[in-house]
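Annotated active site, charge relay system per TrEMBL: Asp139, His216, Ser549, in sequence order. What TrEMBL lists as compositional bias 'Basic and acidic residues' is 203-217. Annotation comment: TrEMBL describes 27-104 as domain 'Inhibitor I9'. Annotation comment: TrEMBL describes 131-586 as domain 'Peptidase S8/S53'. According to TrEMBL, the domain 'PA' annotation covers 389-464. Per TrEMBL, the feature domain 'Subtilisin-like protease fibronectin type-III' maps to 662-704. Residues or ranges marked as region 'Disordered' in TrEMBL: 199-222. The signal peptide annotation in TrEMBL covers 1-19.
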Amino acid sequence: MVSLVWLCFLAAILHPSSSSISTTKQTYIVQINHHQKPTSFPTYHHWYSHHLQSLTSATPDALLYSYTTAYNGYAAYLDPQQAQSLLESDSVLGVYPDTLYQLHTTRTPHFLGIDDDLPLSSGRKLSHATNDVIIGVLDTGVWPELKSFDDSGMPAVPTRWHGECEKYKDFKATSCNKKLIGARTFYKGFSMAAATTTTTTTRGRERFSPRDHDGHGTHTSTTVAGAQVSNASLFGYANGTARGMAAHARVATYKVCWKLGCLGSDILAAMDKAISDGVDVLSISIGVGSKPYYQDSIAIGAFKAMQMGVFVSCSAGNWGPTKATVANAAPWIMTVGAGTLDRDFPAYVDLGSGKRVTGVSLYSGKGMGDRPVELVYQSRNARAWNNNTRNLCLTDSLEPDLVRGKVVLCDRGVNTRVEKGLVVKQAGGIGMILANTAASGDELFAESHLLPAVAVGKTAGDEIREYLKSDAKPVAVLKFGGTVLGVKPSPVVAAFSSRGPNKVTPEILKPDVIGPGLNILAGWPDSIGPTRLEIDTRKTQFNIISGTSMSCPHIAGVAALLKAAHPEWSPSAIKSALITTAYTIDNSNSALRDVAGGELSTPWAHGAGHVVAHEAMSPGLVYDISTKEYIALVCSLGYTMKQMAAIANVTSCTKRFRDPGQLNYPSFSVVFGNSRVVRYTRRLTNVGAARSVYKVVVDAPEVLKLL
């Protein structure tokens, strides 16, 4: 939940007032025609610095980043007139305002079918081959002291690695080892954005080191490649052996996200550096709403990564179930939605009527016992915003005299779920039932509340509300069921997972796949309570959180395993293997369902289906895509030559597709207006046994006629 102060701050950055447009400075990303670099300059950085100062009145410190790998150009802190001056130069291909991106926030290796002991054709075990794979994670940093980054038994770092463990007051060079082999931080774009406002709630509280003071980055980096840790749990929940998907791979972290969010200039700088450092896989659980690829820092950086053989996995976003909300939808990116595990954390509300309502919870403190406690709802308080928000348990909205010693029913909305529990606790309540409304349906997030609390879906919430109306003295008891495995059906598509169609290129199906993203256990800084609330002083090295931010590193880790098993495969071949072997049948032998509405899921929700690692190891056939084919796709999008150059660094188009659907992609998304005939071709490459024979079977919707 973004506070009101932050909303005002974002508005000041994204929508400057008309009276300040002519003078307000901000960060711009400037694309340069690098072919025009004079030989008199020893490096591109020297040329960029001279270029900026010669065409504008900018001071030398206005140059924030020089991009040389993922992009040709630089980021600079300019006013609009200076940006316009650059745009008028023949050597400048484009000038784009910086963009604000946001984070998309044990059991899973087994659920994904990962087997480290799998023998490879080279004679090595998969676990040994994975030692050679390096995974870069762009996020909020890392907490290096965790057992998940233990490097015991790991061989020396690959000599091709050119990364660095940056030193800061709270982050020593010795924080890195043979497991966590690099840690960098990128904050110049954020720092300039924060400087454009008068608020003091941004830069002063940030520490510009690779250390993670949020938790999100530590969670994603240990999900993708955390070392094996026995007896891992969140206060007893999800107990077992925790490990990342590619537990034997190396990790390098690139801190690009701050309290404000993640700035495109910082993201592009991190991708630029990660590629030159030598990563094999990038995991990026960050995104922004749909925009043209030439304005999307992640899409631009990912194109160069693809050219250099780096696989890029990105989160699809948490704006579901609304249609056409999928983020990171460029065809050269693996776009990952979220599904559930076959694990649950049940909790129960026993009502005075004798009815039991089932929900979820990660509460681990002292329970309420078996004695029924009075249940209250919508306490009156004159300080509440209005009569329609008293049910939301906002700060200062509960009268202590009315809730003290009672269980309070709170509706979701406005403030965070854990904040509602804190509000109830501070008002003297001894328990909380957190009920979904129509906006959130029956999807449940298990959380480690500060008081006994059970989250229930809309249907269950309606039942409790009806009970409150029918009983003059309503009572309830909250009980907690621990961890349950083997839940059916699973997986189920998470309601929050962003949906297609892809607004930029609807001919390319997005998301590509889904992976585990709901209630995921992974590493956590022990300086941050599991709720992230300042009052939460509990310490844990593992936390359970949800989002496509969690599903993205799962798939990045599986991609790292494929890279280890098949080092000759291109990023497109790895993507194809993951897509074509994904499944759409759950563990009850039924078609995948969608939490949103409980109906059957569709490809716009689950893409090709749920990833399964051991099947992807041997896909038989792959749909490979060359850089030239991706360039032909870019040339088919109706962009100007300068806009195309921003993505693919092209100066001309020698080939175009009739439409983007002609790309040799491992799925089809055909756009129909009226009745029309569409002809697509696909080229398959055999990566299975020699002289294999394959049979084509087409299962098409009834509304289509195949010719």
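Using the three backbone atoms N, Cα and C, a Cβ is placed for every residue, glycine included.
TrEMBL labels come from automatic prediction, so no person has curated them.
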Secondary structure at Asp139 (active site, charge relay system), reduced by DSSP to three states: strand
Neighbourhood of Asp139 (active site, charge relay system) by C-beta distance under 8 A, where only residues 6 or more apart in the same chain count: Leu103, Asp212, His216, Gly217, Thr220, Ser221, Thr253, Tyr254, Lys255, Val256, Cys257, Ile284, Ser285, Ile286
Average model confidence [pLDDT] within the domain 'Subtilisin-like protease fibronectin type-III' (662-704): 86
Residue distribution over DSSP helix, strand and coil in the domain 'Subtilisin-like protease fibronectin type-III' (662-704): 1 helix, 2 strand, 40 coil
